[in-house]
Amino acid sequence: MTRQPLLLFIAVFCVKVLLFPAYFSTDFEVHRNWLAITQNRPLCEWYFDEGSLWTLDYPPFFAFFEKILSCFASFFDPKMTLLSSYDYVSFKALAYQRLTVALTDGLFFAATILTLDGLGDVSALVGALFVCCSPGFVFVDSIHFQYNGFLDGILVLAFFFARQDRPLLLMATFSALLFFKHIYVYALPAFFGYLLGFYCLNEFRLTWGGCGRLIGRGLVLLSVFALVAGAALGPFLFCSQPVLTQILRRLFPFQRGLTHAYWAPNFWALYNLADKLLSLGRPSGPSAHLAGGLVQTISHVVLPSVHSGTTLFLSFFMALPSVLLLVRGPWIVKRHPPSDQGRVRTWLLLLGAAQSSLSFFMFGWHVHEKAVLTALVPLSLMAVTEASPLILDTFSVLALCGTYSLWPLLHRPMERPILFGVTLTYFAALLWTSKRLRASSVRFLVAPAWARSLVRLVRRVILPLLCWTELARLAMELLVWLEPHQATFGPALRYLTRQAAHFRFTPLLLVSCVCAVGTTVSYVVLSAVCLGTCTSWRKAKRN
């Protein structure tokens, strides 16, 4: 068994090597420039350097990670670590950076196998394939270029410590993750609820001794966080410049606007669409122009404009079901025999993390479409182990919509076969496997009947809807491509190509809004499951 994970990782690694020459986004130059900054600039100037458009805007641990990578980069291509205001691309530089992504994915693979081993009936290797080799990671990491697999490996390691009932190691791991990439604050409410319920309030009694124990455990958790924060921020305290303030400015650029140039498939995509449709019926005045392909702050025309504080409040408020579930978690776990308590505890955290991450994805400020991976990771871990029809259906809907929403990232025709091939292979294998998965004999999820009916209905209609959306997108792209040659066409085709040129971003709008329906349903169902499971312990107690 010890050789099988290594052989499987080598096989997956070889497949990723075949993707080295594929398309890469500007994120490649972003990370190359960060290699150059950490290699050539003093520590105190890392977050002040503006020699390139691609400034360092990740937390300190990731900057230290780039510093380590920069020490080996010059052996591949000495020019890739030179500071410059223009993009630098060479095959050696591309190969090195893609190699670092593929190798650091080993942490994701190993942590997933450790977490899944014995958690469900499915083999840990099979489960690791479905979690680590999902199309989203192939598209975003191995082609588009990012390090999500490495970072999600740290997240899965935190889930492993939850399964082992080691809250302090979980606290240290998740705290370190926040200082690698701040997007994982999406899962913060869930981890807060878990540590509060399973560590601070576990066996709590309203006595002087109980209150003292609660305060003491809270101080222990704060001390662990302080140690991690000190390791991340401590080196910058000796700088003469206000580096900590500058780090905060880089990490939270609220001037970028509510939505990205390509709308993430969340609540705000539907909100923008509603404003756009309502503005078309106005007799005079401006119409909503929110999908022009630019990153900027744009006010709504008919509906109220949304501010960053509003999205922050909504994100935390909509994540409350995960907090309530995990605070009540110990009472839910105690209703099961000791042999099952570790699994139930892990599943509760996975469910809470998925709901919390999805709430921030749905209602957050300037959310990128790639952020859906933060919700897919815990939900996929739960789907392949707990394997109840409700969770499998919810995961299928979210995975389909989340994966398809990533397709526009790879816009070149050469990558289209990869998009189709990887997506169809993955979901065909998922469908075949899900029909053979046995739902866990441990029953703890409680959901209203309408939630089960809703997700079952959406699961049936979402795939045909996405297929029609893709056909419409391809037709629109074809008309836009034909626009320069319209003089050779007939009147009808000339009219269509001229109209298509005015709506060249409509295909992106269509993809975002159709996928937003699926993500919205997934969020509603997960929230209903969290609240239903959270309140079920009271009913059981009354009975």
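Just so you know, glycine gets a Cβ as well, placed from its N, Cα and C.
No curator has checked TrEMBL annotations; they are predicted automatically.
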Have a look at 122-140, 445-463 and point to the one annotated transmembrane segment in TrEMBL.
122-140
Please work out whether the transmembrane segment (309-327) lies in contact with the transmembrane segment (508-534), by counting C-beta pairs under 8 angstroms that are 6 or more apart in sequence and asking whether there are at least 3.
yes
Is it the case that the transmembrane segment (122-140) and the transmembrane segment (347-367) have 3 or more CB pairs under 8 Å, with pairs at least 6 apart in sequence?
no
Could you pull out which residues elsewhere in the chain have a CB under 8 Å from any CB of the transmembrane segment (347-367), counting only those six or more residues past its ends?
159, 162, 185-191, 193-194, 253-254, 256-260, 264, 266-268, 308, 311-312, 314-315, 318-319, 321-323, 325-326, 329, 332-333, 374-375, 378-379, 381-382, 385-386, 398, 444-445, 519-520, 522-523, 526-527, 529-530, 533
Contact between the transmembrane segment (387-410) and the transmembrane segment (147-163) (3 or more Cβ pairs under 8 Å, separation 6+):
no
Whether the transmembrane segment (214-238) meets the transmembrane segment (417-434): three or more C-beta pairs under 8 angstroms:
no
